[in-house]
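Student: Take this structure, written in structure tokens, and hold onto it; I'll ask about it next.
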């Protein structure tokens, strides 16, 4: 039959394609949400309890989407002792657009110039917070295709989430995640198990090319998110049940079949409501619900229709209570980065994954299924799953990826808190200057984490020059390398063999390496 899969196709696929390594980056400063409540003159608990947020990371004008992605990529390469020529595909998922033509990926190619590796597929992928997941799927599809040349794929998801003054501002944040994709991975993409929903909606969008701020319909955005979750979960359940039936297992899939369930997290409270939403789906689909103790006390909701429940407080309250233990077991740990740093848009759901890996041992993770719900306004959404390898022995791939993230909490704790008025001043500075030419950023370089790339200047042709805050190991820098616009061939890129310390520098810093996006 035309278009059908050959019977022996699976034998040709690389084994256990998945996430081999993961690196996360967030800036060195945050604002406390409780202090922000006082500054904004809102009721105590509106941000901390109502949204579930404790702190919100932000960056000064010294960092932009290019520098965020450069930082997380170089950190991943260095910490995993990877050669730049082992990457065959590099794709960026972002909705932080600073150029309508030139991709972030092309800026990242500056990091590869010393290696001579230019044979790297992939560009940028954009649809609100979904771009990172689309890039991940493209990477997996490349490795499982005839185009694969045996090298790794590298996916970068990063964003700067900023909002105008008002109710949405405390749901901001900033960060980037880099994912190394390849075969024989500790976190394996379960083949054939993706439930996707695509729909036209104006829930959140950015039509103003001169502003970083979105237009948000808050109520519609929540409805779209939960509706997409309903549909994606339904499709996923049908697909995994079909797989199970082929294996002789005739049972329905439920939340209990996920070891962990992580979500795109605009704010933590929505994630808690989303897990409750999945339990509501299980409840309505269970023909024997009266025999399941988890549904005790929910009998009155047996005839509700999903589409009528998005803003039903009684349903929400009842199922949040019923799912509280499941939330603690399967989802709460995933909210570490979201609670402490805020919404990272495309990288948000992968920050949730990093949070889980950072807080559980390889033995606790081994063999578990991790459900992943990715959502981007407009809208695009997918629920898929990762299967954790069974091999949790010392030195295993699973041991290495968890070890690389074991300091995540200490890194979050090492950041510097700033007063809300300083945060507001930085937001106003971004608003006034993000589009300027002939601009030299005003933000402090000293406050950045070691190993952080930062913006040096924007010239009269909108060309951006970057430098990297050195680490104590950067002893190979040429004397006199200044902060000037220059060709990459004359500049130093720290060796991939060097390690990046996680905590901020305390000693006086040496001169910084400089990199630019070229004289074109």
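Quick reminder: no glycine exception, Cβ is built from N, Cα and C everywhere.
Sharing the record's features from Swiss-Prot:
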ACT_SITE  95  active site, proton donor/acceptor
ACT_SITE  129  active site, acyl-thioester intermediate
ACT_SITE  264  active site, proton donor/acceptor
BINDING   44, 45, 46, 167, 221, 269, 273  CoA binding site
BINDING   44, 129, 167, 171, 221, 264, 273, 343, 377  (3S)-3-hydroxy-3-methylglutaryl-CoA binding site
MOD_RES   4  phosphoserine
MOD_RES   46  N6-acetyllysine
MOD_RES   273  N6-acetyllysine
MOD_RES   476  phosphothreonine
MOD_RES   495  phosphoserine
MOD_RES   516  phosphoserine
REGION    492-520  region 'Disordered'
Student: Going by Cα-Cα distance, which of the recorded positions (46, 221, 264, 269) sits nearest to the residue listed as 'active site, acyl-thioester intermediate'?
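Tutor: So, of the listed recorded positions, the one sitting closest to the residue listed as 'active site, acyl-thioester intermediate' is 264.
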Student: Do me a favour and check the Cα-Cα span between residue 95 (active site, proton donor/acceptor) and residue 167 (CoA binding site); whole Å is fine.
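Tutor: Answer for this pair: 21 Å between alpha carbons.
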Student: At its widest, how many Å does the recorded CoA site span between Cα atoms of 44, 45, 46, 167, 221, 269, 273?
Tutor: 24
Student: Non-local Cβ contacts of residue 377 ((3S)-3-hydroxy-3-methylglutaryl-CoA binding site) (under 8 Å, 6 or more apart, same chain)?
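Tutor: Listed in sequence order: 128, 129, 201, 203, 204, 205, 221, 224.
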Student: Which one of these recorded positions has the most other Cβ atoms within 10 Å of its own Cβ: 46, 264, 269, 273?
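Tutor: Per the Cβ count within 10 Å, the most buried is 264.
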Student: Please report the three-state DSSP label of residue 129 (active site, acyl-thioester intermediate).
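Tutor: Going by the DSSP assignment, residue 129 (active site, acyl-thioester intermediate) falls within a strand, counted as strand.
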Student: Closest of the binding-site residues to residue 264 (active site, proton donor/acceptor), Cα to Cα, picking from 44, 46, 273?
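Tutor: Checking each of 44, 46, 273 against residue 264 (active site, proton donor/acceptor), the shortest Cα distance is to 273.
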Student: Of 167, 221, the binding-site residues given in the record, which has the fewest other CB atoms within 10 A of its CB?
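Tutor: Selected from the binding-site residues 167, 221 on minimum Cβ neighbours within 10 Å: 167.
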Student: What residues, ordered by sequence, lie under 8 A Cβ-to-Cβ from residue 45 (CoA binding site) and sit at least six positions away in the same chain?
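Tutor: In sequence order, the residues whose Cβ lies under 8 Å from that of residue 45 (CoA binding site) (at least 6 apart) are 37.
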